[in-house]
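S.K.: Below are the features listed in TrEMBL for this protein:
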- 1-375: domain 'Major facilitator superfamily (MFS) profile' (DOMAIN)
- 31-50: transmembrane segment (TRANSMEM)
- 57-76: transmembrane segment (TRANSMEM)
- 82-104: transmembrane segment (TRANSMEM)
- 116-135: transmembrane segment (TRANSMEM)
- 147-166: transmembrane segment (TRANSMEM)
- 187-210: transmembrane segment (TRANSMEM)
- 230-248: transmembrane segment (TRANSMEM)
- 255-273: transmembrane segment (TRANSMEM)
- 279-299: transmembrane segment (TRANSMEM)
- 311-332: transmembrane segment (TRANSMEM)
Amino acid sequence: MVIAGGPAASSLIPLIHASFANQSTSAIELIATIPNFGILLFVLLSNVVLKMIGRRNTVLLGLSIALISGLIPVFVDNYYLILMARFFFGVGIGMYNALAVSLITQLYSGDEQASLMGFQSALSFIGSTTMTLIVGHLTKFGWHTSFLAYLLTLLPLVLFALFVKIPESEFETTEKVEEKKHAKESINLATIGMLAFAFIIFSLFFVIMLKSATFLVETGIGKPEDAAKTLSTITMVGIGVGLLYGKIYKLLKQWVLPIGLTGMGLGFIIILFSHSVTMVMLGTIASGLFYSMAAPFLFMLVGKVAPKNSITLATSLYLVGVNLGVFLSPIINNGLSKMFHNQQAANTQCNQWYCINCIGCHFVHCISDFETKRS
C-alpha cells in the first residue's frame, strides 16, 4: 500500500512553489518525483541488504525509514532538507519494492499470475488513493500539514511487525542447491528494451500527476485541492481494474497493451480540451483506467522475455526504468515543452499524448516480433 505513496504530494506543487519562489518549477516538481530515485537505487541494492539482515528485517527497516522521512516535511521549512527527506522516503520503499513483483512472476503463471498482478496493483492504488485524499483534505491547513498523510505508513509497519513471519531460510533439495550454484543471471535485448520502454512511458505518463494542479490553476478551472480529488480518481479506477484484471487479461490477451496505451493517450486529449473540473476528471479517469490495464501486463511481459533464472534481475531492471522515468519526468517533460516552444501545462499534455502513442505502437510491434521468433 505504501509503495505508490510517493506521488501523493504532487497536488501540493503550486503551494510549495509559492513558499520557495526562488526555486524553478522543475526543482519543486522534484519533491514529488525524487522518491523514485531513492527507490531506483535501492531496488538495485536491496539484494545486498537482504543478505545482510534478512527479508523480514529488510521490510521493517524499509517501512521505518519511509515513515520517519515521510513526516520530516511537516516540521522543516528548508527546500534541500525536504528534498533529502523525500529521497530517503524512496530509499525505504526501494528496500522491498522488487519483492512485491518478482515473487508473483516466479511462483505463478497464466491467468493466475494475471489475477495476482491485478490484486497487487489494486492494493498499490488503494494506498495511493488513501494518501492522495488525505493530502487533499489537509491542504486547507497548509502544505506542511498535508505530509501528515504519510502517518499511514505506520499501519503496515505495525501489522507486519506483529503478524507477519517470514522464514529466513527455505528447505531446498540437493538438486535445487546445485542448480542454484551453477545458475547465472543474465539479460537479453528484450529485457533492455523493457527497461527503456518503462523509462519513456512512465516519464511521459507521470505528467498527469505533475501538471494537473498547474493545469487547473493556469486555466482558471480549479484549485490545487481540486487536483488532489482529480488525481484520486486515477487510483480509484486502478483499484477496480486491478481486482478485475484476471478477467480482462483472459478476454483481451495480447491486445491489453495496445488498447491500454491508446486509451491513455485519449485521456490526455480529453484533459487538453477540458473546460471544467468534471471534464478534467473524466480525462484523468480514462488515462488511469487504461494505464491500469497496461502496467500489470508490462510486469508480466518482463517475466516472459527474461532469460531463464533471471526473472528477479529482469524485474529489478524494469523497476529501474520505471523509477528513473518518474524521477526524471519533470526534466524530460519541460525539455519537450521547450522543444515545442510552449511550456504551458495543457500543451505538455498534448506532447505526451503524441509521444506515448508513437513509441507505444513501435514497442508493441518489436515485442510481438520477439515473441514470435522465440516461439
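Backbone N, Cα and C atoms are what each Cβ position is placed from, and that goes for glycine too.
No curator has checked TrEMBL annotations; they are predicted automatically.
Since this is a predicted model, take the numbers as computed values, not measurements.
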S.K.: Which range wins on Cβ pairs under 8 Å with the transmembrane segment (230-248): 57-76, 116-135, 187-210?
M.R.: 116-135
S.K.: List, by number or range, the same-chain residues at least 6 past the transmembrane segment (147-166) whose CB is under 8 A from its CB atoms?
M.R.: 1-2, 5, 8-9, 54-56, 59-60, 63-64, 66-67, 70-74, 89, 127, 130-131, 134-135, 138
S.K.: Using a Cβ-Cβ cut-off of under 8 Å, list the residues of the same chain that are 6+ residues beyond the ends of the transmembrane segment (57-76) and lie near it.
M.R.: 2, 5, 42, 46, 49-50, 82, 85-89, 91-96, 99, 144-145, 147-148, 150-151, 153-154, 156-157, 160-161, 164, 166
S.K.: Have the transmembrane segment (279-299) and the transmembrane segment (31-50) got at least three CB pairs under 8 Å, pairs 6 or more apart in sequence?
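M.R.: Contact criterion not met.
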S.K.: Considering only Cβ pairs within less than 8 angstroms, which of the stretches 116-135, 187-210, 255-273, 311-332 has the most against the transmembrane segment (31-50)?
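M.R.: Counting Cβ pairs under 8 Å, the winner is 311-332.
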S.K.: Compute the average pLDDT of the predicted model within the domain 'Major facilitator superfamily (MFS) profile' (1-375).
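M.R.: The predicted confidence over the domain 'Major facilitator superfamily (MFS) profile' (1-375), as a mean pLDDT, is 77.
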S.K.: Taking a Cβ cut-off under 8 Å, which residues six or more beyond the ends of the transmembrane segment (116-135) line up next to it in the same chain?
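M.R.: Residues 1-5, 7-9, 11-12, 100-101, 104, 108, 146-150, 152, 228-229, 231-232, 234-236, 238-246, 248-249, 292, 295-296, 299-300.
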S.K.: Apart from its near flanks, which chain residues at least 6 from the ends of the transmembrane segment (311-332) lie with a Cβ under 8 angstroms of it?
M.R.: 7, 25-26, 29-30, 33-34, 36-37, 39-40, 43-44, 46, 90, 94, 97-98, 101-102, 105-106, 185-187, 191-192, 194-204, 206-207, 210, 298-299, 302-303, 305
